[in-house]
Structures are given as structure tokens and as C-alpha cells.
Amino acid sequence: MGEAPSPAPALWDWDYLDRCFARHRVCISFGLWICASSCWIAAHALLLYLRCAQKPRQDQSALCAACCLLTSLCDTVGALLARQLTIQVFTGAYLAAIDLVNFMFILFPVCGSKFKSNSDREARERKRRRQLRASVFALALPLSLGPCWALWVAVPKASATIRGPQRRLLASLLQENTEILGYLLGSVAAFGSWASRIPPLSRIAPPPTLGITTQHEIWRGQMSKPSQSPSRSPSGHWRAAAQRQVLGTEMCRGKTFPSIHLWTRLLSALAGLLYASAIVAHDQHPEYLLRATPWFLTSLGRAALDLAIIFLSCVMKSKMRQALGFAKEARESPDTQALLTCAEKEEENQENLDWVPLTTLSHCKSLRTMTAISRYMELTIEPVQQAGCSATRLPGDGQTSAGDASLQDPPSYPPVQVIRARVSSGSSSEVSSINSDLEWDPEDVNLEGSKENVELLGSQVHQDSVRTAHLSDDD
């Protein structure tokens with residue numbers, strides 16, 4: 001025959017503790033509860049440090065904190081009425097005290113008040129008064145349950161017995177069945193503890209990665225801007241734009257928890273698992289487990305939801321690192337790598353550009369300079385090539401002229417761009433054709449500073465050309 005289930009001990013049954021530690025046999029249930037309590041204390045200490053040491057954030061509203069406090073009170077009162085274990089009553093009382101302190105900190109923030117800004121003082125005061133009214137109402141609701149329950153229990157019962165059939169009032173039915181009321185309060189506490197983990201879960205949202213849409217937006221933003229100086233890095237602008245885009249999207253669509261907050265969640269989940277193990281380790285009979293089902297499900301549900309919050313937060317942080325470029329470069333998309341590689345190559349080419357050969361028409365400063373000069377005079381740019389030891393090919397003809405090798409200058413490297421402008425000058429008394437070769441480096445000419453001189457030179461060349469044409473017609 002099976003062993004009869006042991007009756008639940010009273011709240012202050014010292015014989016139970018004596019039997020638990022008798023003959024050097026440590027009670028497993030009590031030891032697991034001690035470990036769970038240590039984890040809870042460490043988690044709440046970290047939360048207090050996080051609230052006071054860092055800039056405060058309104059992670060939890062006053063109404064949510066009031067619901068958590070009401071849940072803890074229901075858990076404690078339900079364990080007391082249902083004649084549960086002493087460790088369950090103490091655990092509920094401790095969690096209720098912690099929720100009360102948290103609720104008071106939300107109502108009257110003491111730590112971190114120096115971080116508040118002084119802007120929009122009136123709007124902040126109105127919001128504070130509105131929150132204070134809602135918080136006082138939420139505080140009065142759970143605190144009124146204790147005195148009402150005490151008055152309800154203190155009502156004396158009628159000593160006279162009434163014979164015959166009669167109706168039983170609901171109050172007398174509840175007074176005679178306090179264990180049923182305790183189980184109901186335990187069930188309410190279980191659902192309330194699960195619901196208190198929904199706001200942190202809704203706060204977490206997967207961030208968008210740096211995909212094709214973001215790259216097109218960055219490209220359009222860069223193309224719409226005016227041309228920048230070559231000294232500024234295009235890749236730096238693209239990276240900065242990408243980071244601003246991803247950070248703005250992260251602020252709108254998802255928020256992460258600090259590392260300390262994740263550690264508190266982990267300790268709380270571990271404490272919940274140890275607490276559930278302590279309840280199960282006390283007695284394994286089905287009758288006892290059925291009576292302790294609300295508190296057992298409460299601890300397991302909170303632990304599972306805390307682990308889910310930790311997992312989702314870690315996944316979101318890893319995606320954020322990948323989107324911001326802190327992950328490996330191999331994980332980046334091909335479009336991102338192509339954009340950044342082209343920008344870096346263009347920057348290196350602009351920095352290492354010391355000279356431009358005559359055979360190459362670059363599209364940088366020299367091209368812009370020649371384009372500006374071509375509006376005023378006709379230029380002929382031809383490279384000077386050495387045909388032999390004493391023969392040089394002159395620009396403008398296809399023949400070579402022999403010259404003294406000793407009088408020729410050695411070719412300079414890199415070659416200097418030679419601009420030959422044929423200017424004919426004449427006067428009214430005599431006609432003399434002077435072919436002058438003007439040599440200068442377009443890189444040394446500041447067209448923007450001497451625009452008037454270039455216009456004057458162009459007009460003079462035009463007048464001389466007209467005079468030469470008239471004299472040729474007269475001859």
C-alpha cells in the first residue's frame with residue numbers, strides 16, 4: 001500500500017524544522033530555498049545599483065508597479081490562507097516588500113534626480129502631477145486590501161445555532177473555506193506574475209539590418225549633396241550616414257536592456273527554478289503537488305519569461321552589432337562592400353596623384369583649367385617625343401629636325417605640360433609676325449583669382465588676330 005501523504009506543516013511548526021535537520025540530515029527543500037533567496041537578493045541589489053548609479057529611465061510605469069505589488073500581496077495572502085509551506089509565505093512577503101520599495105521609488109524618485117534636465121519645466125510638472133494622482137489611486141487600492149481583510153476576519157461568528165433548512169450566506173461560506181480563497185488568490189498571483197513580464201517583451205523588437213533599402217537611401221543622400229573637397233573621405237561620409245540611419249531606426253523600432261539588467265533577469269530566473277525545485281523537493285505526492293500548483297506555476301512561468309527576455313535581448317544586440325559594422329566584414333552584404341571599396345580606392349587615387357602624363361586626359365583640376373581657358377583662346381597640347389639621338393619631333397608637323405645633341409635638355413620626368421599658344425601681334429606702321437611660345441603649368445595658375453587677367457589676354461589676342469587678318473587682305 002502507498003504511503004499516506006504527510007500533512008502540510010503549520011506556519012510556525014518548529015518540530016518540522018527539527019525533523020528536517022535531525023541526525024545531520026540537511027533538508028533539501030530548505031537548502032534550495034536558501035539558494036533561491038540568495039539569488040533574489042543579488043538580483044535586487046543589482047537593480048538598486050542600476051537605478052541609482054546610471055541615468056534613470058522610465059522602464060516601468062506606476063500602474064505596472066502597482067499591479068506587481070498587488071500580485072505579490074495575493075501570493076503572500078494566498079499562501080497563508082491555503083496553509084502552504086513556511087518558505088512560500090516568507091518568499092511572498094519578501095517579494096511584496098521589494099515591489100513596495102520599487103513602487104515608492106517610481107512615485108518619489110530619489111536616486112538619479114541630478115540627471116534631469118531643466119527644459120520644459122511646466123510640461124514636466126503637469127505630467128508629474130497627473131502621474132502622482134494615478135499613482136496614489138493605484139497605491140490606495142492594494143493597501144486597502146490588508147485592513148479590509150483584517151476587519152473581515154475579526155467579525156465574531158454567531159454562537160446560536162439555528163435548526164432547520166436555511167440559506168448560507170457567501171461570507172460565511174468563504175470564512176469556512178479559507179483554503180479555497182487561498183488557492184484563488186494564488187491563481188490570480190500566477191496570472192499577474194506572467195502579465196508583469198509582457199511589457200519588457202513588448203519593448204524588445206528586432207532591428208532592421210543594413211540591407212538594400214538603407215544602401216539606396218545612403219547613395220541618394222550622397223548624390224544629392226554638392227561636390228565635396230577631395231580631402232574629405234567619401235567612405236567616411238557613407239559610413240557615418242549608415243550609422244546614423246541604423247541608429248535612428250534602432251531608436252524607433254527597438255530598445256535593448258543594459259548588461260546589468262540582463263544579469264538581474266538571469267539571477268531572477270535561476271531563483272525561480274530553485275524555488276520551484278524547493279517546493280517539489282518537500283513532497284512528491286500528487287495531492288501535495290496539486291495543492292501547490294499555483295505557486296509552482298508562478299515560479300516556473302516567471303523563470304521561463306525571464307529567460308525569453310534574455311534570449312531576445314541578446315539576439316537583438318547581435319543584430320545591432322552586425323548592422324553597425326562591428327561584426328566581421330564577411331557578413332556584410334555585397335552591395336555594401338562594393339560601395340565602400342570603390343570609395344576607398346577613389347580616395348587613395350586622389351591622395352597619391354602627384355603628376356598627370358600628357359598622354360592622359362584626367363578629369364580633375366587640369367581638365368577644369370583647360371576647359372576654362374578654351375573659352376578665350378585655342379590651345380594645342382601635344383607631347384614632345386624624342387625620335388632619335390639628335391632628332392626631335394616638333395609639335396604641329398610630322399617631320400623631325402636634326403639638332404645638336406649637346407644643346408638639347410634631357411627629358412624631365414614626370415613630363416611638364418606645355419601649352420603653345422600662337423599669338424600674332426602687329427602695328428599700323430609695320431607688319432611683323434611674331435610667333436611666341438608661351439609655356440606655363442596650368443597647375444600653378446589660379447584661374448579663380450586672376451579671372452580678369454585672363455579676359456584681358458583673350459581680348460588682346462582677338463584684336464591682334466583681327467588686325468593681322470585685315471593686313472593680309474590689304475597685301
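The backbone N, Cα and C atoms fix where each Cβ goes, glycine too.
Per Swiss-Prot, topological domain 'Extracellular' is recorded for 1-29 (among others).
Sequence-distant contacts of the transmembrane segment (30-50) (same chain, at least 6 residues past either end, Cβ-Cβ under 8 Å): 17, 20, 87, 91, 94-95, 98, 258, 260-261, 263-265, 267-268, 270-272, 274-275, 277-278, 281. According to Swiss-Prot, the feature transmembrane segment maps to 30-50 (among others).
Under the heading topological domain 'Cytoplasmic', Swiss-Prot lists 51-61 (among others), citing sequence analysis as support.
The transmembrane segment annotation in Swiss-Prot covers 62-82 (among others).
Under the heading topological domain 'Extracellular', Swiss-Prot lists 83-88 (among others), citing sequence analysis as support.
Here Swiss-Prot flags 89-109 (among others) as transmembrane segment, drawing on sequence analysis.
If you look up Swiss-Prot, you'll see 110-135 (among others) marked as topological domain 'Cytoplasmic'.
Taken from Swiss-Prot, the feature transmembrane segment applies to 136-156 (among others), supported by sequence analysis.
Averaged across the topological domain 'Extracellular' (157-179), pLDDT for the predicted model comes to 54. The topological domain 'Extracellular' annotation in Swiss-Prot covers 157-179 (among others) and is backed by sequence analysis.
Cβ atoms under 8 Å from those of the transmembrane segment (180-200) belong to residues 59-61, 64, 67-68, 70-72, 74-75, 77-84, 92, 174, 257, 291, 294-295, 297-298, 301-302, 305-306, 309 of the same chain, restricted to positions at least 6 beyond its ends. Among the features that Swiss-Prot reports, transmembrane segment is placed at 180-200 (among others).
Among the features that Swiss-Prot reports, topological domain 'Cytoplasmic' is placed at 201-259 (among others), with the record citing sequence analysis.
What Swiss-Prot records for 260-280 (among others) is transmembrane segment. With a cut-off of 8 Å between Cβ atoms, the residues of this chain six or more beyond the transmembrane segment (260-280) that come close are 28-30, 32-33, 35-37, 39-40, 42-44, 46-47, 49-50, 85, 87-88, 91, 289, 292, 295-296, 299-300, 302-304, 306-307, 309-310, 313-314.
Annotated topological domain 'Extracellular' per Swiss-Prot: 281-294 (among others), in sequence order, evidence recorded as sequence analysis.
According to Swiss-Prot, the feature transmembrane segment maps to 295-315 (among others).
The topological domain 'Cytoplasmic' annotation in Swiss-Prot covers 316-475 (among others), and the record cites sequence analysis as its basis.
Annotation comment: Swiss-Prot describes 390-475 as region 'Disordered'.
Helix, strand and coil counts under DSSP for the topological domain 'Extracellular' (281-294) come to 10 helix, 0 strand, 4 coil.
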